[in-house]
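Quick look at what Swiss-Prot annotates:
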BINDING   Cys43, Cys44, Cys108, Cys139  [4Fe-4S] cluster binding site
Amino acid sequence: MNPIESSLLDQTTSNSVISTTLNDLSNWARLSSLWPLLYGTSCCFIEFASLIGSRFDFDRYGLVPRSSPRQADLLITAGTVTMKMAPSLVRLYEQMPEPKYVIAMGACTITGGMFSTDSYSTVRGVDKLIPVDIYLPGCPPKPEAIIDAIIKLREKIAQEISEDRNEFQQGKRYFTRKHRFHFGSSILIENKEERFFHQSYESRFESTLEITPKTSEPISEISYPFKNLKKIREVAGE
């Protein structure tokens with residue numbers, strides 16, 4: 001799977017501009033850099049070791065094996081899991097940070113294999129202990145099948161990222177009916193402009209323009225102090 005074809009890129013964007021979020025960028029980086037924790041107990045793990053060689057070169061998929069579960073996000077179990085090993089396996093899975101994934105590799109890990117027949121110490125399927133995302137049957141599976149399982153897991157992660165983005169995608173926003181906008185005349189009456197006024201501010205706007213009628217004269221003829229200040233200065237000879 002090509003990382004460029006993941007859900008990070010929108011088909012409507014141009015080739016030179018990418019519009020995304022920090023969360024999508026983090027998910028895209030996680031998709032292209034799965035760090036596995038290898039939990040091999042028997043012969044199936046020998047086939048996985050061949051992936052490290054130059055013939056298959058699993059580094060091209062961003063796989064970097066880690067020895068600590070706190071630095072891994074993929075657990076690959078290969079081989080038989082016994083009852084004594086079950087608590088350790090569950091503890092390793094719980095110490096891995098979220099999001100984390102599990103690949104069950106081989107028949108012994110998936111069903112217990114030939115060791116599960118009349119055995120008192122074999123776990124009949126690792127999915128009884130931890131959740132499994134990809135089942136890889138075979139005794140043992142070939143390296144090509146392991147690469148195919150990793151590709152299938154990356155496709156599953158990309159689908160989860162796309163579903164999360166569609167779930168939390170914000171739609172178009174409109175003014176609700178609670179705003180109660182209406183048309184009102186502007187102060188510039190000569191231009192006959194019309195603007196929106198909020199209903200809550202309507203009473204304040206009208207109260208500021210309201211004048212208590214102390215006299216019947218129009219507003220332009222009301223006498224103000226210092227109205228004849230210019231005439232007083234002319235008489236005083238200033």
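Glycine is no exception: its Cβ is also placed from the backbone N, Cα and C atoms.
Structural mapping of features recorded in Swiss-Prot.
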residue : record                        : Cβ within 10 Å
Cys43   : [4Fe-4S] cluster binding site : 14
Cys44   : [4Fe-4S] cluster binding site : 25
Cys108  : [4Fe-4S] cluster binding site : 27
Cys139  : [4Fe-4S] cluster binding site : 11
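Neighbouring residues of the recorded [4Fe-4S] cluster site, listed in sequence order and excluding Cys43, Cys44, Cys108, Cys139, comprise Ser42, Ala78, Gly79, Thr80, Gly106, Ala107, Thr109, Gly113, Gly138, Pro140 (Cβ within 8 Å of the Cβ centroid).
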